[in-house]
Structure formats: C-alpha cells, structure tokens
C-alpha cells in the first residue's frame, strides 16, 4: 500500500514539475542551468549538506520521540476551544477531495518546485536561503515536537471531525485511508505543534514574494497553494489553530534567519583563511 | 510604622495605645500599656491561628486519563462525555490523553491518575475480579488492583468465591458482585460487541474459534490451492509488532498472539459464539488426587521453538517466576504484572519426573484449574531475566526486572506458531511450528493449518476494511471501531462476523486519593453516567450497557441490565444530567456546593 501511494505521489509531482518549470522558469534559465549546474552545486554544497542531514535526523527522531516532552493537548484545547470545527460547517465532499489532494500532492509539489526554480537562477543565494530555511524549519520543529506532546483535533474530537453535514468524512485517513501509510512513515500522532505543513508552505510563500521579480507568475500560484495547504491542515482535522499560528511564526523566523546567515560567511572563504593561517 | 499598622489592624483597642506612644506619653506608661496589650491579645492570637491555619476547601478539580482516538476512539469519546457531565455538576475536569502504552504505564504501573476511562480485558471466569480488586494487590504494579481499592468485606467475598465450587461458588460470586456493585470501585459502562471482517473465499471455519483467542486462528480450512501458504491478518494495534513479551502489561491487551506463541497447560477453547470449555493443552490431562492437589501429565516429546524439550521443570519454573520475577534475589518479590490472580492460586508445585507434576492449590477446583492457563516459559530463556533492568546513568524503580520490560524478540515458546520476523509498526510474521502436538494424528485439538501467519499492522478500521475488500487480507483480528460498522458492505467474499466480548469499558477511580476513596462519592459519579445513552451515542448501539463486569453467564438477575442500571440508576435522562438531583445527591453524600454551584471537596 505504501509503495502504491508513494508511486502516485511521485507520478503526480513529476507531471506537475515539468509543466510548471516550463511555465514559470522558462527555457532560457533551464539552458544556462545545464551549463552551470556544477559550479552552482559547489557553491551551495554547505546548504545542501545541512538540509540533508537535518532531514535524515528528522526521520529517526520524529518516529520515536525522546520522551521528555510536556503534554499540552488540554492546554491547547482550553485556549482555542473548538475553533477548528468552523471548517466542518462548510465541509462538502468536493472541498474534502480538494483539501486531501492539496495536503498530500499539493504540499509535496509546493516544497519541491521552488528548490528547482531557485536552482535555475544564476545567483544561488535564493537557492541556499531556501534550503537553509527548510533546514531551520525542520530543526526547530523537531525540538518543539520533542518538547510539546499534543494530539491533533482528529484524536480528540474524532466524531466531530468525521461526521460533517455532508455525511462523508473530512478526516483525512477516513476519507483517504491510504495516506495513513505515507504519513505514518514520517510522523507520530503527537507531532502536532507546530504545524510543519504550515511553516514550510508559508516559507515557500514568503520566498515567492521575495523572488517575485524573477518569478512573477509563481507568486500567485504559490500563495494559493500555501494558503490551501494551511487551511487543509485544520479542515482535515490534523492540526489546531494554535499549531498553524506557531507554524506561521516559525516560517517568518526561519526565513529571516536564513536571509541573515546565508551570504554572511562563506565556507570557501573560511577555508582560504584557514589555509592562509596554516602557512604562517 | 509598618509593624504598628499591622498590630493596629489586628487589635482594635491597640490603635489608641500605639498612636498614643508617639504623642509624648512617658516611656514607663508606654511599656505598661504594651505589657497589658500582650496579655490581652494572647487569646486572640490563638484564635487567629485557628482561623488562619485552616485549609480552604477548593473546587474539586480532577483529571481523566484516557487514550487518543488513534489508540481507542471509544475511550476518548466516553471520557469527553463524562467530563462534560461532571463539568455541569460543578467539577473542574481536564482530560489527559496518552498513547496505548503510556496510558497503561500511567494507570497500571505508576498509578498516576485520578480517574481513567479504558477497556478492561475482563475475563470469561469472574475470578479475574480477585486480582483486580483485592487489597493485597493495592501496592503492586500491573493489572492487579490498579485502583488501589481496599475493602475488607470485598476481600472476603473475593476470597469466598475462590475457595468454593459448583453451586456454592455461583452463590459466592453473586454475593461478591453485589458487594462490588454497591462499592463501585470502578464504574462498569458497557461491553462492546465485537465485529470483525473475514474473507470467506480463501478460508472456511471462521465461526469455529473466537478471534480474540488463539483458537480463532487454528483449524481454519484453506479453500484454494495457495491459501494454506499464508494467513493474512490485519491488526489495528501496532504493539504486537514492537513487543512480544507475555509478562509486559503495557504492550498487551488480551494477548491473543502471545497465546499462539506460548502454550499453557490448559486452554479455554472459546467458540465464535462465546461457548467455552477448559481443555487440556500442554497437559495431556489432569486429575484431582484430593481436594486441592492436581496431578498433571505433560504431553510427551513437546519442544520449545529452539528445540529444547518442554519439561515439568519449566512448568514449575514458570509458576515460581511469575510469583516473583527476581526469584528471591531481591529484598522483596517482584510479581508479574499479568496473570497475577491465576498464579496466586498455586501454593506448591511438586515435580515428580520429567513429565509429571503435582500442583497444590489454595483455592477451589474451578479457580485452581484457571491457574493452568498461564503461558509456560522456557526456563533456559527466562531465568537470566530475573535480574534488574539497567539503563546506564538512570535510577530504575525497584522490582523492574528484565523479564517485565524486555521486548522478548525473538519469543521462544512452545505454541502452534513460532516467530519468524517483524518490522516495528509494520508487521510481524509467524511461521507454523510443525512439531506442535496439535498436529499429531492422535490429538484432537485445534491445530495450525496455515504455513505462515502474517500480522500486518494497519492503524485504522477504514484502511483495514479496504485491505479485505482488495483481497489483501483475510481477517481483521482487532474488532472494528463501532463508527464504521454501519458502512460495511457485505459481499460474496467479505462478511462481518459478530462475536460476544468479555472485555468492558469502565471508569476507574484512583482510590488512593481523596475523594475517590470515598464510596459515597463513587456512587454519585456512577449515577451521573448514562450508560444506555453512551452505548447509542458512542458505540452506535454496538455494545451492551452493564451494571456488573462479568459475562452474561455469571450475571445475577439482580444486576442484569433492565433498561436502566438496577443499582446505580442515572440521575437524568437522555444523557442529560438533572443538575439539581445530582447536587442533592452530592450533598447527601456529605459534599458541599458553594454559591457559584461549584462542588467543593477536600482533596
């Protein structure tokens, strides 16, 4: 089942990617990328290394959890009440299908496309910033997951999420049970605060704004997708409003931090300094 | 000035004296008045101390511990409904959710809860209540008395049904159940009706054994050429793929798969419709040589999965080990967190030779025979686990032996299936143990007919159903969640199988702390729970409300559900508590309400 779902995600994303690359990036940039990719990768080496090691760590730590956190479900619920249920009032089967699609396929595409698009820019700064921001999102999210143990709405209010007015379930895993295989691979059900779907989508959204001069057509698409992903986390009963707020805060923080850090120190410069130092 | 102000505030007549001293009165006069003041206020200070040092009684604030919807959808819903009801009668309630194993650790091992809502594995024989409620076990960890409930009358009744047999025992059980119904050490809510999905095209014989027991997976009749190769089971609880230790309380519910790996001397063979009989299993048979002595002969040439023979010494070791998993090496014993009541029935074991032994029980024969149903552990694997578990740099609670915490993978038992491989949260694969005695021609007992049994983990009912419909699985071993039952579409190949359960949902009190140790308080709480309404609302009708936690077979007429709870009728209707009646009930039980309608209880 898992491989089936994975294959479907890969197929959908690999159909979407070439179309959007052609549409938003353009042939010219892709052509220069073909000649310059070696030097770009060399320049972005550190950022690539950081993001891949964080992702690797993410995979092992997220599944088991260190067991040091504080249980916060009740606190979150007492603060925001049953706010997320407002999405249940407008639920329709079409919306559910849309948000389920967005949550899995839309999100994956939203995360992968900018990596390619910014790699296609001859200035690798944005590419490195994006990767660094991704890494920060995951790293900080990981720490918060360890500290805050909370269950999402679907675990607390199962019947309210599951039985919308339309009669069909809006809870992701009831509507599309196969997705459970996918998310179970990467997540524990107490990894709720903050919503990484929100923070990563918002990160992409903010970057789309920062790069609007290079990719003007991507901006509206990114915004629509990001907002859809963010709403879907609550609509599908996976996250509380507070998780989403925390995700937005995390996104702004990570983007700001990555813009500060990237370009300030360069590892190659550092290396030159060190070798110079050696000579004396 | 500060000091003056305080004394002025406290003693009205001190006012003039203190302010007077600043107005030029002689030192002696001031001194004299101060002495007089001290003498006159000493009585006041005593009174003051008496007033100030009384602790205020606060609003009752409690926590209900339960599982999240991923672990047990019904539990969290019950907990929320009960919390809402308690809020309306002026109690401050919060809900604490835990994963399956954290929940059981909090409740069974650490006793860290006020109230909890959960499912009890129950028992076909009502003797499970002995370990559940006897005060001797209030301090132990495990399924034995997690409530910390202590009551000498109940202890008496629990013991009385244990030593009695036949009709006498039946009467003793009734007396026990009635006393428990009055005390309400926990509130039994309902017994779920178990629905599982089975595929008929690959196997026949689903209605032979109850699928919550080992026999459900034995004696199946393969219908196609390749269906004997592998029985594909879907299980919704990931824990069997993570831990296969029969003694671990946190990772076991009913222990169905453990029973496929481990044999016991006798087995309760339960049919899908609930009929049951205790059959000799690893023991060829037994006879009572006197009132309390059982002579048993083990089946010859039985072996554990690693090839070592099963001997009478292993049996004697098992009972000794379960009684004390440190085998006397520690200052105090560390008894098993499961099977406690059954093991306690055994007084002595005398090994006669390799395959015969005599077991002396301190109970009647009915309960004594129940003691034969614990898993037999190979001594050569478990004797080394009688040591304290260690984690470098961490202080471990005394009594935490390797035996109760090990994941026990690979498990070595002597049961009809042996462990092959597993992957956490994904699957566990068993393979048929070809040498198992049930496969001998001379033995007429349910036997393993499939070569492999794969327990695939699938955490949700909806996806488990999909697996069966896609012909990717043959049976759901966990009962389906009640909200999906209405939507099941019966096809030619796939059909739902309904079977009775002896588990029950309940509200447990931690009687170790006030006011939950007060039976009057528990009685009022019991009457705030509309069991029939909860069955409709939470279980969609797929459960039976109960007043006593035993099977129908043992339920006395007085305690049978007759449209309402015969002992603890609900104070309200249709799930809505009548707040005034509830308040009166609390007040009559000796509790008080403040002007804001909050229940004030000394905690």
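Using the three backbone atoms N, Cα and C, a Cβ is placed for every residue, glycine included.
TrEMBL assigns the feature transmembrane segment to one of the listed ranges (A:102-121, A:162-181), namely A:102-121. As stated in TrEMBL, the feature transmembrane segment covers range A:244-263 out of the listed A:64-83, A:244-263.
Through the fold, the transmembrane segment (A:218-238) approaches residues 20, 24, 84, 87, 91, 95-96, 98-100, 102-103, 106-107, 109-110, 114, 117, 152-154, 157, 161-162, 170-172, 175, 192, 195, 197-198, 201-202, 204-205, 207-209, 211-212, 244, 247-248 of its own chain, all at least 6 residues removed from its boundaries and within a Cβ separation under 8 Å. In the domain 'Phosphatidic acid phosphatase type 2/haloperoxidase' (A:133-259), the DSSP tally of helix, strand and coil residues is 88 helix, 2 strand, 37 coil. For the transmembrane segment (A:102-121), the list of distant contacts is 9, 12-13, 16-17, 20-21, 24-25, 29-30, 32-33, 37, 40, 44, 127, 130-131, 134, 172, 176, 179, 182, 197, 200-201, 204, 207-208, 211, 214-215, 218, 222, 225-226, 228-229, 232-233, 236, 238: same-chain residues at least six beyond its ends, Cβ to Cβ under 8 Å. Confidence annotation: the domain 'Phosphatidic acid phosphatase type 2/haloperoxidase' (A:133-259) carries a mean pLDDT of 87 in the model.
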